[in-house]
Structure formats: C-alpha cells, structure tokens
Amino acid sequence: MKVLWAALVVTLLAGCWADVQPEPELERELEPKVQQELEPEAGWQTGQPWEAALARFWDYLRWVQTLSDQVQEGVLNTQVTQELTALMDETMKEVKAYKAELDEQLGPMTSETQARVAKELQAAQARLRSDMEDVRNRLTQYRGELQAMLGQSSEELRARFASHMRKLRKRVLRDAEDLQRRLAVYKAGVREGAERSVSSIRERLWPLLEQARERNAKVGALATQPLLERADALGQQLRGQLEEMSSRARGHLEEMREQIQEVRVKMEEQADQIRQKAEAFQARLKSWFEPLLEDMQRQWDGLVEKVQAAVATIPTSKPVEEP
C-alpha cells in the first residue's frame, strides 16, 4: 500500500509540472456515475469479520477505479493483483473462521442437517470466490487494454470497465448476501440444536434434581429433631451393629472350634493308621528274619560240633625225653 500511495503522489506531482490538460467533458460526465456505482450497498451489513474483509476488498477496488488514467497506468501492475488476491484470501479465511466459531460456541446440529448446510455453505463460498476472481481478472484485462491504448482516448474503455465492474459487483453482492443468509440459517439451526440438547439434558437431570431435593428435605427434617432423640437413635443403631458384629464373631469362633476338632480327629486317625502300619511292617520283618536267624543258628551249632569233634580225634603227642 505504501508503494501505491508513493506512485500516486509522484504521478500527481508530475502531472502538475507538465501542465496536464483538463479532463474531457465526457469523462467529467461519467465520473459522478462511476462514483455512484462504486458506493456500497445500503443493505450490506459489516458486522462480522468476513463481511468487513469483503468491504475492504471493494474499498481497495473503488480507490483504484477513481484514479486518473495516468495514475492507473502507474499503479495497475502485478502488485495490485497481489493486493486483491490477499484481500480475497482474507475474506475466505474469515468466512471459515466464522463458521468454525459457530460450531465451537453453539455446538453441532444433527449429522444430516449439518452435512446439508455445510455443503450449501461450501457452494456459496465457492461462488463468492469465483466472483472475486472474476473481478481480479477483469482488472488485469483492463490494465492490459489500458497499456495498449497508451496515448489514446480511454473514455470508452473506462465506461466499459465501469459497466463490467457494476455487473460483477452485483454478482458479488448477490452471492455475498446469499452466503449471509445461509450463515444466518446455519446459526439458527445450530442454536436450535443446542436448545434441543439443553432440553434433553434438562429432562434427564430433572429426576436427579428431584431426588436430591427429597434427600435434602429428609436431612433438613432430621436436623430439626432434638439432639437427644438423634443421639438415642444413633446409639440404638450402633448397639445393633455391635450385637451383629458380636454374633458374627461367635459364629466364626464356633466354626474355628469345629474345624480344630475335625483336624484333631483326623490327626489321631492318621496316627493310628501309621502305628498299625509300623506294627504290620515290624511283624513282616520279623517273619522275614526269624527263619534266617534260626537257620544261621543251626548252621553255627553244627559248625561248632564239627570243630569240637575234629579236635577230639587229634592224638596227643608224647613229650621227647632228653638223653
């Protein structure tokens, strides 16, 4: 923007020093009409950021159109196209941000309605962007034609360009108003869905609130009773709980006593079984080794008898006398 204003000032100063001739009568007659065509629509509202961005887009274009031929020749370059593209992108960005803000603040609608409205909004955004691109392309075309007619009369070209701009402006305003209406419908539908959700939540929470109110009423009634009565009721409740715990403890002790008795009986039975098995095993061992011992005793006795008999049969030798 600073570059454009600098070019405007330099061109105006150059025109003053060159003693430029006054504009033709036809151009002076067309200028009020062009100014009237470029005035904003009375019914157009700029309450939302995207609407303000669209207004800035048209303000910039109106400023370009109100310049003289010499100034337009100096400023209608690629930078103007870039500025218009930036303003167009800003408008589309603000539209998306506004829709996202509605979704975040008011909550989603039903899936079917949300899909249908989202599709309609996308189509309206696409039409508005297409119209703004047509404006930018028409401005680029006008710049080329203006450069081609350098040094010639451009009243007819300016009149034709103003007519095209008027038609394009009507298209842009029509599609912008359509987008406004659809966003308003979307906002109303989202609010209605949020109200239905709140009503559903209220219906679900109402019984819980009634129960809480009843409990609070009971607690309040208890709080109004005398302290002695409440203490007596609490003592009876504690006494009942202690008696219940005592009976449970006695029951557990009886069960433990019975279990210990059963264990003692089982241990005595197992000890008797072990004793009987030991006696049986001892008897079996005795039955195994007694015949063997008796046989060994007989063999030993026989061996002793044989040794004694052999010793008895050996003759005793006489002692040898010395000469």
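Using N, Cα and C of the backbone, Cβ positions are placed for all residues, glycine too.
The range from 43-53, 54-64, 164-174 that Swiss-Prot describes as region 'LDL and other lipoprotein receptors binding' is residues 164-174. Mapped onto three states, the DSSP output places Lys170 (heparin binding site) in helix. DSSP gives Gln237 (heparin binding site) a helix state. Of all the binding-site residues given, namely Lys170, Arg239, the one with the smallest number of surrounding CB atoms inside 10 A is Arg239. Within 10 Å of the Cβ of Gln241 (heparin binding site) there are 10 other Cβ atoms, across all protein chains.
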